[in-house]
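Some features that Swiss-Prot has for this protein:
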type	residues	note
BINDING	Gly172, Gly173, Ala174, Gly175, Val176, Gly177, Lys178, Thr179	ATP binding site
MOD_RES	Thr6	phosphothreonine
MOD_RES	Ser13	phosphoserine
Amino acid sequence: MRINLTTSDPEVSIREKKNLGRIAQIIGPVLDVAFPPGKMPNIYNALVVKGRDTLGQEINVTCEVQQLLGNNRVRAVAMSATEGLKRGMDVVDMGSPLSVPVGGATLGRIFNVLGEPVDNLGPVDTRTTSPIHKSAPAFIQLDTKLSIFETGIKVVDLLAPYRRGGKIGLFGGAGVGKTVLIMELINNIAKAHGGVSVFGGVGERTREGNDLYMEMKESGVINEQNLAESKVALVYGQMNEPPGARMRVGLTALTMAEYFRDVNEQDVLLFIDNIFRFVQAGSEVSALLGRMPSAVGYQPTLSTEMGTLQERITSTKKGSITSIQAVYVPADDLTDPAPATTFAHLDATTVLSRGLAAKGIYPAVDPLDSTSTMLQPRIVGEEHYETAQQVKQTLQRYKELQDIIAILGLDELSEEDRLTVARARKIERFLSQPFFVAEVFTGSPGKYVGLAETIRGFKLILSGEFDSLPEQAFYLVGNIDEATAKATNLEMESKLKK
């Protein structure tokens, strides 16, 4: 891994040390720049345009070289707005790709695609920077062990477990609890694994990014008093940014995560919201550069761009990056090239259900729709696998019986089916869990439930040991012992009322 230890010296003019070119043409966010013969920049080099516009306002635009056109001209894509630029303005070749600050100084801060802080909390220590373009780890460095990444969230660990160093797709509409689930995962990785998280906001609404930041401060994921104790770094390239910024912001977030993995040797969670917007931005840039479009108007390099990003997200012998990517499915068409290309890289999917959220069951993870390649007996063990399969079968049977119950009522079912329904309702409620980050809103203390405890709890429910307990005893509790204690309390309360 290449880390640049750079010390900025404002006294030395950049122009004295770097190649200088001039803007020859401007088409929206695309610039053509002419350089002297023999002084051409490399592909992906950063170019900086500094000067003043016609009103005397200062201009500072960073671009990235995308094409060498011949005749000593290059074509570059701007990372910020190009208003005020004119032909003939000086352009400085920085001699290397975009580099962003990495390390502990990034925690608790919000950055843009260039690694500049945008939260008005002052400058960031930029002595340690890293280029956003680099190769994926070599085969020899990879950790080939298949191990589960324990999240402490019952429904995830039991039914759709995450792989350490894997990639997880997070599917869910607005208002079903994506943000709260993301914040709980950030909180749990910090407490249970001593890890940190990086959140990449790629082409989503600025309002959502602001809401997430405020909620993180409120729940303690970001510590305003002592930023070093924060558990997350945020990188935003929202939907009002030029396509160049939206295309590269995912790489900026990934570069920060790689430093924590490779240098600090930590387990890292990388959130990308939304991976579809990364593809969408690549499609816009491809059209601006004049490339022939491929299927459904997407860029011909779609698979390559996705592979370049996804292959860097992996486990090495030093640490791991586990990535959770929100996936927008355009027009709910799973065969669209963007989601279809994403699915090829995913190890697990976590699907959030509006129906469960409406019932008040949080996290509203759909136990039947969520999947994982890790749920195999040789990886998770026979006990875990059998318990998960029995839970799914019980819930599936309950789902099939719901129409009959709605029309004829519960009394018309056979004894066996009534028992299945009762257990399924207990399981459904036991899959809910109080979150640490939601303590502020709910008043219930959060619970981290280990995998062994989770399996034990569901086995006991399936065995019929708790058939006599009321189903509300299983709602929003941690392990099974809390459910039995809650049942005792409920019984005492009902006796007192009588």
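Keep in mind that glycine also has a Cβ here, set from the backbone N, Cα and C atoms.
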Inset, instruction - Any same-chain residues 6+ apart from Thr179 (ATP binding site) with CB under 8 Å of its CB? Would you list them in sequence order, or say none? - result: Glu208, Asp211, Leu212, Glu215
Legend entry - Gly175 (ATP binding site), number of other Cβ atoms within 10 Å: 11
Legend entry - Lowest local Cβ density (other Cβ within 10 Å) among binding-site residues: Ala174, Val176: Ala174
Inset, instruction - Have a look at the binding-site residues (Gly172, Gly173, Gly177) and report the one with the fewest Cβ neighbours inside 10 Å. - result: Gly173
Inset, instruction - Show, in sequence order, which residues other than Gly172, Gly173, Ala174, Gly175, Val176, Gly177, Lys178, Thr179 on the same chain lie with their Cβ within 8 Å of the centre of the Cβ atoms of the ATP site. - result: Leu352, Ala357, Ala364
